[in-house]
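A.B. asks: As annotated by TrEMBL, transmembrane segment applies to A:6-24, A:132-152, A:164-188, A:273-294, A:301-319, A:325-349, A:454-473, A:505-525, A:631-649, A:694-712, A:788-808, A:820-841 (among others). Positions annotated as domain 'NADH-Ubiquinone oxidoreductase (complex I) chain 5 N-terminal' by TrEMBL: A:70-113. Residues annotated as domain 'NADH:quinone oxidoreductase/Mrp antiporter transmembrane' in TrEMBL: A:129-403. Sequence annotations record features per position, and here TrEMBL assigns domain 'MrpA C-terminal/MbhD' to A:614-678. Per TrEMBL, domain 'MrpA C-terminal/MbhE' is recorded for A:689-775. Annotation source TrEMBL lists domain 'Na+/H+ antiporter MnhB subunit-related protein' at A:789-912.
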Amino acid sequence: MTLAGLPLSILALLLGAALVPLLARSGRGVAAWSSAAVLGIAALAVAPLAPAALAGTVTVLRWPWLPEWGLDLAFRLDGLGLLFAILILGIGQLVILYAAYYMPPEDGLGRFFGILLAFAGGMLGVVLSENLLLMVIFWEITSLASFLLIAYRHDASEARIAARMALAVTGGGGLALLAGVLLLGRIAGSLELSAVLAAGEAVRAHPLYPVALALVLLGAFTKSAQFPFHFWLPNAMAAPTPVSAYLHSATMVKAGVFLLARLYPVLSGTELWFALVSGTGAVTLAYGAYVALLKHDLKGLLAYSTISHLGLITLLIGLESPLSTVAAVFHIINHAIFKASLFMAAGIIDHECGTRDMRRINGMFRYMPQTAVLGMVAAAAMAGVPLLNGFLSKEMFFAETLQEPPVAGYAYALPAFATFAGVLSVAYSLRFIHDVFFHGEPVGLPRTPHEPPLWMRVPVGILSLLCLVVGLLPQSSVGALLRTASAAALGGPPPPYELAPWHGFNLPLAMSAVALAGGALWYRFRGVLFDLHERFAPLVGGPAAFERVYNAAAAAARLLMAAMDTGRLRRYVALLLLAALGLGLHAVAGAGLAPPHGAVIPADPVAIGALVALAVGAFGCAGLHRRRPLAVVFASVVGLIVSLTFLRFSAPDLALTQLSVEVVTIVLLLLALRFLPEEARATDAPRRRRLGDAAIAGAGGLGAAALAYALLTRPFETVSGFFVEQSVPGGGGTNVVNVILVDFRGFDTLGEIWVLALAALGAHALLEGLRLRPHALRAASEADRHPVMLAMLMRPLLPLALTVAFHILLRGHNLPGGGFIAGLITGIVLILQYLAVGLDITSARLRVDHLRLFALGLALAAGTGMASMAFGAPFLTSAHGYVPIPLVGRTHLASALAFDLGVYLVVVATVLLVLSELGRLSQRELRPAACGGQG
Amino acid sequence: MTHLPVLPVLVPMVAAILLLAVHSAGAAVLRGVGLAAVALLAAVAVLLLAATAQGAVAVVAIGAWPPPFGIVLVADRLSATMVAVTAAVAVPALLAATDGTDLQGRHFHPFFQMQLAGLNGAFLTGDLFNLFVFFEVLLIASYALLAHGAGAARVRAGLHYVVLNLAASLVFLVGLALLYGALGTLNLADVAGRLAALPLEEAAPARAGLALIAGVFAFKAALLPLGFWLPHAYPAAAAPVAALFAVLTKVGIYALLRLSSVALADDAPAAAGLVAPWLMPAAIGTVVAATLGVLAAPSLGAIAAHLLLLSTGMLAAGVAEGSAPMLAAVLYYLPHTTLVSAGLFLLAGHIAATRGEEARDRIRRGPRLPRPGLVGGAYLALAVAVTGLPPLSGFLGKVMLLAAAPATPAGYAMWASFLLSGFVAALALARAASVLFWERSEPRAAVGRAAPPRLGLALAVAVGFVPLLVLGAAPLSAHARATAEQVAARRPYLEAVLPRDLPPAARERRP
């Protein structure tokens, strides 16, 4: 069960991240102690497995999670993971101790430590993952945590932008890494590290190897701030200093080089690897070291020095000799130790001086001698001064450059370059020591500096002491760890090497001496460089530049969107029609049109006349659409011809429906049109565009006509015979159309009456509070508002018409009629009544609650359907038979009648609601006082 | 339980009737009925999931008329999943609406219920004309909901929405007429059978009809170039409505998936190359355009709308690809993106409510948020999930989609567009967060109002789905895989609707 310690340690950190903010409400001390405890628990969980890992055993724990997608909860502890776990958990403890004193007292620390623990969890996950996808998950958790920590002081705009910049670079790199890992998994056939490591040969021979390598390297280089992706790291110094010490020097930025080391056995050994990795590393090493000296900001210097050292590690990994990889691992350890210490020292100085500008911070040795000594030890380690840890790994680097390089022609160039890089790093280390701790008196500091609290110095002291211990006793302090970690990185035992503070007088020592002397000289003449830098340094990579780029991208996106999306309905409709046309053509082109081969009914003169009228109606409606009432009249012609067509083909139900729908809608439309000006505003669209629109519309019409013709001229196989056959025995009605509506496809009808109801309710909702001024308010029209003749006529007509409607409703199942038609007839009667006597009288006679009427109709229709469910039959199963009715006798009734009654009520309710809304709007016109303002 | 597939339609429908009947009762009654109906719907959805979990395809012949003559409702794993997603979104959306949105206009609750009925009907019906009817129910209800509460932007967006959708309905109807004229049936399974028997040279009208219908589905899914209306309409809607609308585009995706998997099988020559060739470019184009839109969006709501569009593009690409593993990925990603998008709309509404009329959710300085910790946590969770960053469900879904993408140009286009769009979305959301949460016009900027409490609760419910999607990833993924296999196998659906032992449908042949 000790194996479970691996996920448990990560889980402890992530749970701690959620818990500490809650605990922090009890005080800062609680926050700090609980965070430290969480880190301790994580360490205890890993500890039992450490001896085995140190001995070179690889421990793997695999819990299946999403095995079909290659994502399993698989963890692994080997030498490399152990080394990083020690760095993460060890330096984490020191950072928490340090931060508890560093952070301003008004900060409750809950959020800070919470995110810090989340980061630690993510980072530990990266180094302990066996599954590569799992590693990517943890990888991006560290990017997110880094984002939140950089933006921690979010009142400063630089911090906010720097955070987004870091997210853009490292998060984006993470996505590249995801793609790279997935590609690796495809090539290797597995996403488990063990399998991928074993498939190195196949991976390197695969045609996609260069792509996978480039993507993985993109992830590694962005995370480890390699040139040209380095610029986020100096800006990330906006984070509180404990964050810089922890994430941005010791751990997170090492994730990139960790990845290089982890995948070294798979990806290395090709010229591409050598060129990309060592080339990038070399450029980063020199560039970072050069710029570091020029930074006046204390943390800026350290940031660029970090970039330079990461470049060094990358270069060492890229050199591809086993010993250079050992040197890289060794330098990972050493750099983490001295750089964390330096950042903490820088934080103390910042804390005490209120500034980080090295032009103002001078002579600190007098004010804080202990901190100064500790800082100088660490800085000397960074410079590679003998007897300190930095010297050892740098000496290994120098020795490696003297080996036969994999690519010929570098024999002299590489050692010379290495020495030059050494010179630069000595120079900036000297600046850190000399400028800050000596070099006269401080200039205009906001407060007088003094030694910080003891517990702030302790972490620095521990780390600086470690520099010394590792420098003096390398073998007994880190020898075993280095060997096993290097073995893990190499995928096999490392070559023999000797870890000792002293190797005698040899060439690497001479190179070190040159670097020290040269560095002193370089620092001596730094003034020249500062001048050059001030004059020529381009202002790229800063927050302002990032913001400019981002805003330019957003502006470009807006422009592109505006070009694509005009926000105009015309364009949308045109696109829809064009798409329909294109799809239709594409579909037909894929099949080819066979010539017509069916019987065609010859056209008679009546039919031709009707079709001409139809065309006139359609053209008139389109051509005169701006004169609204006229356009409506033309549209009604179309409806009329359609109903005649139904009659011609013996469909009286449809003809009746179409006719009454036509009457109701046209009258209601005309009533509604009173609120619009008679003529619509002329369009300002240019002629060309209108012609284009006409072409699209015409093509659509012609296309539909062509397809309809094609359809009608070939034989037709249909299921509709079933309906005719089953109408009487199954549906209990002789009117097939009605039986289809209320029985065979009653479900459709139920949906459609809902559509009707919803449309009426929607209009009711939309018109709420709306105030309209009718346009057709002329004295003449006002005079015959309610024609007397009509009013006289309506009195006898009303009961008569309602009786007819009722009759049509009842007979519908067997003869033309039904609920829909009956409802429409009732609607017409109500409209006439409204026109005859006005709304007030009409609604006074019809005291109905429209919404309840809807509810009643819908409940009848749906309830009829549900009643059958009570008898175990499916929804909407109808029943019919002879029912004894008093006075009438035995009558043939179908349950569908109740359904039809529901349809009837919904149609009537719709007409009533629309009428009452129209009347409500019209009432306002008569009472100017109610009009108020025009809304 | 024979009636189970009807219930997802009936429960909200009966609730809507009840709500109309008691319309004059107080807000508490209406809300109670609405919430109870949604809770009942959720229970029905769970039952439906359970009933279909073992691979059964439940068919209800409405009116006891045998298919292909009558209308059938078909519940398989896919339909049950869609109904469950709808119910899962409905709960927080309605909860949020009960905080006053529902009182800003008339009839909110019946419209909301009928929106659900329309959605569920569209997910369950096995008949193309019935699908059209449910599309209409959906459309009118959604139009009323979109315009709910008025406001110039809402009315304008609503007008575009309804006119365009009516035009699309017309195209749908033309397509249906062609299909019925050519094949003499509208039952989807029967269409599949008829189509397989249709010789290619006779297939032109049927093909045109199917292509038009598929085009309407693409329009409903708001794919490029038919989806420009969506980013105008959704941010203009009230937040709870926009949250519910997160399901709406999925109807288009579902219908495309159902149509292409049941009717457009490869063995029918008449169906060859009808949809997939244009669907993939349209889907990738949607992803690209939506990515630009995310970058250009002026408010959090607009970002959410474009992200919704983006995810629809990703899903459509998966449907166009169509392999069983890809569909499994699509079916994990679909619930994730729907729930997270709904949460994002609720979050935008929450922030807008606290920052007041002047700033709302626009990405510019405004009053400080009253409870930045909680809202910030919700933002972080939703943003990470929606952009597909680890460790949340968006990442898992994206990994599945990428892993299932084939090694073809289309597959690499999916890789590039999915990864880059996630990158841009992360940057845009990071910037929005930076402005909304951290930027102050002056050091002591005024604190915004407290948000309505139930909106906060609804947001919490929506955010609560995110960890569930991660912790339950294994069973959800297994379910998605089983669903995809059932869809890809095709036979179970066809045989459940039209059993082999049934005599072949009597058909009349007319000259």
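Every residue, even glycine, has its Cβ placed from backbone N, Cα and C.
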A.B. asks: Looking only at the domain 'Na+/H+ antiporter MnhB subunit-related protein' (A:789-912), how are its residues distributed among DSSP helix, strand and coil?
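C.D. replies: The counts are 87 helix, 12 strand, 25 coil.
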A.B. asks: Given a Cβ distance threshold of under 8 angstroms, which distant residues of the chain, six or more beyond its ends, lie next to the transmembrane segment (A:6-24)?
C.D. replies: 30-31, 34-35, 38-39, 41-43, 45-46, 49, 59, 61, 63, 73, 75-77, 85, 108-111, 113-115, 117-118, 120-121, 124-125, 128, 138
A.B. asks: Would you kindly list the residues that approach the transmembrane segment (A:273-294) from elsewhere in its chain, counting only those six or more residues past its ends and only Cβ-Cβ distances under 8 Å?
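C.D. replies: Contacts of the transmembrane segment (A:273-294) (Cβ under 8 Å, skipping residues fewer than 6 from its ends): 213-214, 217, 221, 225-227, 230, 260, 267, 301-320, 406-407, 417, 420-421, 424-425, 427-428, 431, 522-523, 526, 529-530, 533, 537.
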A.B. asks: Ranking A:132-152, A:325-349, A:505-525 by the number of C-beta pairs under 8 Å to the transmembrane segment (A:454-473), which range is first?
C.D. replies: A:325-349
A.B. asks: Using a Cβ cut-off of under 8 Å, list the residues of the same chain at least 6 residues beyond the transmembrane segment (A:505-525) that approach it.
C.D. replies: 293, 383-386, 391, 394-396, 398-399, 402, 415, 418-420, 422-427, 429-431, 434
A.B. asks: Where DSSP helix means H, G or I and strand means E or B, what are the helix, strand and coil counts for the domain 'MrpA C-terminal/MbhE' (A:689-775)?
C.D. replies: 66 helix, 3 strand, 18 coil
A.B. asks: Could you pull out which residues elsewhere in the chain have a CB under 8 Å from any CB of the transmembrane segment (A:325-349), counting only those six or more residues past its ends?
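C.D. replies: Residues packing against the transmembrane segment (A:325-349) from afar: 80, 83, 87, 91, 94-95, 98, 102, 241-242, 244-246, 249-251, 254, 257-258, 261, 264, 298-299, 302, 305-306, 309-310, 312-313, 316-317, 356, 361, 364, 368, 371, 374-375, 377-379, 381-382, 388-390, 392-394, 396-397, 400, 432, 436, 449, 452, 456-457, 459-460, 463-464, 466-467, 470, 478, 481-482, 485-486, 489-490, 494-495, 497.
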